[in-house]
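What TrEMBL records for this protein:
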TRANSMEM  57-90  transmembrane segment
TRANSMEM  102-122  transmembrane segment
TRANSMEM  128-148  transmembrane segment
TRANSMEM  168-190  transmembrane segment
TRANSMEM  221-239  transmembrane segment
TRANSMEM  260-289  transmembrane segment
TRANSMEM  301-318  transmembrane segment
Amino acid sequence: MTDISKDAMMPPRSFLSQDAIQMFYRLLAALLICAVLAVLSDSFLSLGNILNVLRQASLTFFIASGLTLVVLTAGLDLSVGANVALSACIAGTVIHKTGSPALGILTGLACGGIVGLLNGVMVTALRIPSFIATYGMLWVLNGLTYWYMAGETLHGFPAGFRQIGSGYLFGLPIPVYLLLVFLGIGTLFAQRTIWGQEIYAIGANPVAARLSGIPVARRLLLVYAVSGTMAGLASIIFLSRLNSAEADIGESLTLPAIAAVLIGGTSLFGGVGTVFGTFIGALILTLVLNGMNLLSVSANWQPLVTGIIVILAVWLDMKTRRRAQ
């Protein structure tokens, strides 16, 4: 391995002191939000509300975790919400027509993964910037979903299938267990595998990564496929949680996922961030939105607040980069 490749393949910085301090600040922010909401709302610390926060955070995390890998390469996937909608509608149709939840789940995962792979092909083979490619894909998927559903709504899925999104196991929502599983898998993949180190290297310096022998195009195909597959997984969770599928199911999902990634410390410029940080970001965002609901703040304000959080996260990221340089 050349000297360049050694530099490109340096382990991620997530366990260095500065990163640990930043993660501590995020955890502290989550605790402070909890403390404030506990004072302002008597129902915040109720068991039902805590479980609801965990469930909602897990739903955001499923989408944001795959998106994290894309952002680590300095890319962006704006199609994740539309991908969730199309995958949910197709999976719901399969379940209705075959009566097989297992086949529906596989179909939803496959649909999401294929969409992600197509995004990767546009970015690598066609050399279209990820923002443009995935923004175009967003509209393609929206059009396909509305055409496919033709104004109809699917509802009434098998009780066993509905347990995935709505059920409990030992007192905890099932999505929380899935969150822990994929949090562990994502962390190990990004931090402890060669492929994960290559993804960090691509985001930090794509030219050096290519010169060091890293198959950049293949790794980009991988991260977009993973992002799409996680959107497919989220579609299954939403489908079972809502017990219905309609064309607009994913319209409000993309911005919160991006917000969770950025709040968690993943840089839009690539090469910096962790899947665990994205989990913390999803938790912080969910706490803020949950607090707004408990305080009877109009739901119309939630997109505005989410957008402000995204802007602040990007500004802090840019400020941190300038200071480091």
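In case you wondered, yes, glycine gets a Cβ from its N, Cα and C as well.
Keep in mind it's a predicted model, so treat the numbers as computed, not measured.
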Select the range from 168-190, 221-239, 301-318 that forms the most Cβ-Cβ pairs under 8 Å with the transmembrane segment (260-289). 301-318
Among the recorded stretches 57-90, 168-190, 221-239, which has the greatest number of Cβ pairs closer than 8 Å to the transmembrane segment (102-122)? 221-239
Is it true that the transmembrane segment (168-190) and the transmembrane segment (57-90) have 3 or more CB pairs under 8 Å, sequence gap of 6 or more? yes
